[in-house]
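If you check Swiss-Prot, you get these features:
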ACT_SITE  Lys270  active site
ACT_SITE  Arg344  active site
BINDING   Lys258, Asp263, Asp281, Glu342  Mn(2+) 2 binding site
BINDING   Asp263, Asp340, Glu342  Mn(2+) 1 binding site
Amino acid sequence: MRIEFVPVDTQAGATAALAVLAHEGAALSPEARAANEATGGALARAIAGGRFTGAKGQTLDIVAPNGLEAARVVLVGVDGSGAVEPEAVELAAASAFQAVKTSGVVELVLKLGADAETAARAAFGARLAAYRFDKYRTTEKAEKKPSVQVVKIAAADPVKAQKAYEPLAALADAIVFSRNLVSEPANILHPEEFAARAKGLESLGLEVEILGEAEMAKLGMGSLLGVGQGSVRESQLVIMKWMGAADKSAQPIAFVGKGVCFDTGGISIKPADGMEDMKWDMGGAAAVAGVMHALAGRKAKVNAIGVLGLVENMPDGNAQRPGDVVTSMSGQTIEVINTDAEGRLVLADALWYTQERFKPQFMIDLATLTGAIIISLGHDYAGLFSNNDGLSEKLLAAGKAERESLWRLPLPAAYEKQIESPIADMKNIGGRPAGSITAGLFLQKFVNGVPWAHLDIASVAWKKPSADPTVPDGAVGYGVRLLNRLVADAYEG
């Protein structure tokens, strides 16, 4: 799909849909009023007969009445009665696209506000709504295929709007990259392939280094390597660097991602029902790769590190067993009670490596870590755990701004008893009570004096069904927007 910015007097044409806004109570925007007048009040009559109220995200899609150069007209509700906020424009553009994407029209003309920032945000919403992962489909009914090939956004100054869209386009590219990683089947996206795709981002100016099992063994990463020892696919540690600050020696920020490219549970094997979804157990690593893509794509003025721990958790004769004891890079020993609590074992070494090598300002890890977070928070919030109030507040604010919501949960020392082991320094699981919290407490043992936050994104990495028009069913790309906003608002010089 192609994005174009066009003058405000552009007509939709015979094969296009026109989208305009309506406020709460079905009050028409200036663009909608003009369309209504051109049709002799036909839009107002359609509203009266269609129970359209102008509620946020509500759409009314009709065949274009006489008087308009268009095939269809889409009214999109945005609530309120005054100025339309950028978020509302983004959602309205996405809703309009969803309303007509398979209607047969080949163009969608968005007249949602003429200033450059509004037009840019509309383009961003449409771009995200157009995401579709169907590369392996060889047959599909024509009426189910997306027909919209071009989205034209009306702007008072199309050149200025295009300029305003550039950083959002870079962010959209990064979100799509992350969604594609999560959507790929595990026979395609194994650790080596994931690492290769990360390496491909060097074209954006990133530096990418890949450590294999031999290098990790020399570093003493027994915790991470134990997870992957049952797979024929070699585990990988990917280090991504973006040095965008004026001072290249300035202390970087760091993101660490869990990348279990497929999780059978290992010897503690999962039930067959739903196991296919475990292809997205690398959603944390996909988010980290995505935010590094975004920072490089928009040339962010910050030094940033992304570290991806990539493994497959498979059961074979060489697989890790319940009861095994492994030694992490930190020197701490771990009794593996359950091989399906593997993500924290990967992160233990990845976190330690990151802080020891790069001495970052802070570390944020992202992981589809626990099913317990879904029980706690449902599918609208990710869990936030942190040793630093300031970092937590910045993350919460960024999440609210980008509709990637977080809820902070505690890390009470009293719960550490649940992960005590009689034969090692700790065990990797603490039982059913407070499962997300004890997982966070486990990770905290591998953080040595660095401000740190852990985002448990198991609840939000995959949405089906999705209620957000910018997130089609499936991979969300959760974390890319959130962390990009965090950097832009708080850490760019």
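Glycine is no exception: its Cβ is also placed from the backbone N, Cα and C atoms.
This view paints the features noted in Swiss-Prot onto the structure.
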{"residue": "Lys258", "record": "Mn(2+) 2 binding site", "DSSP (3 states)": "strand"}
{"residue": "Asp263", "record": "Mn(2+) 2 binding site", "DSSP (3 states)": "strand"}
{"residue": "Lys270", "record": "active site", "DSSP (3 states)": "coil"}
{"residue": "Asp281", "record": "Mn(2+) 2 binding site", "DSSP (3 states)": "coil"}
{"residue": "Asp340", "record": "Mn(2+) 1 binding site", "DSSP (3 states)": "coil"}
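Sorted by the number of other CB atoms within 10 A, the binding-site residues Asp263, Asp281, Asp340, Glu342 start with Asp340, the lowest.
Least packed by the Cβ count within 10 Å, out of the recorded positions Lys258, Lys270, Arg344, is Lys270. Here Asp340 (Mn(2+) 1 binding site) is positioned 8 angstrom away from Asp263 (Mn(2+) 2 binding site), judged by their C-alpha atoms. A gap of 12 Å separates the Cα atoms of Glu342 (Mn(2+) 2 binding site) and Lys270 (active site). Residues Asp263, Asp340, Glu342 make up the record's Mn(2+) 1 site, and a Cβ search at 8 Å around their centroid adds Val227, Val260, Thr264, Gly265, Gly266, Ser268, Lys270, Met278, Asp281, Asn313, Thr339, Ala341, Gly343 from the same chain. Taking the C-alpha atom of Lys258 (Mn(2+) 2 binding site) as reference, the shortest distance to any of the recorded positions Lys270, Asp340, Arg344 belongs to Arg344. Comparing the Cα of Lys270 (active site) with the Cα of every entry in Asp281, Asp340, Arg344, these being the recorded positions, the smallest distance points to Asp340. Straight-line distance linking the Cα atoms of Arg344 (active site) and Asp281 (Mn(2+) 2 binding site), rounded to a whole number, equals 12 Å. Apart from Lys258, Asp263, Asp281, Glu342, the Mn(2+) 2 site neighbourhood in this chain, defined by C-beta within 8 angstroms of the site C-beta centre, holds Val227, Gly259, Val260, Met278, Met282, Val311, Asn313, Gly343, Val346, Ala367, Thr368.
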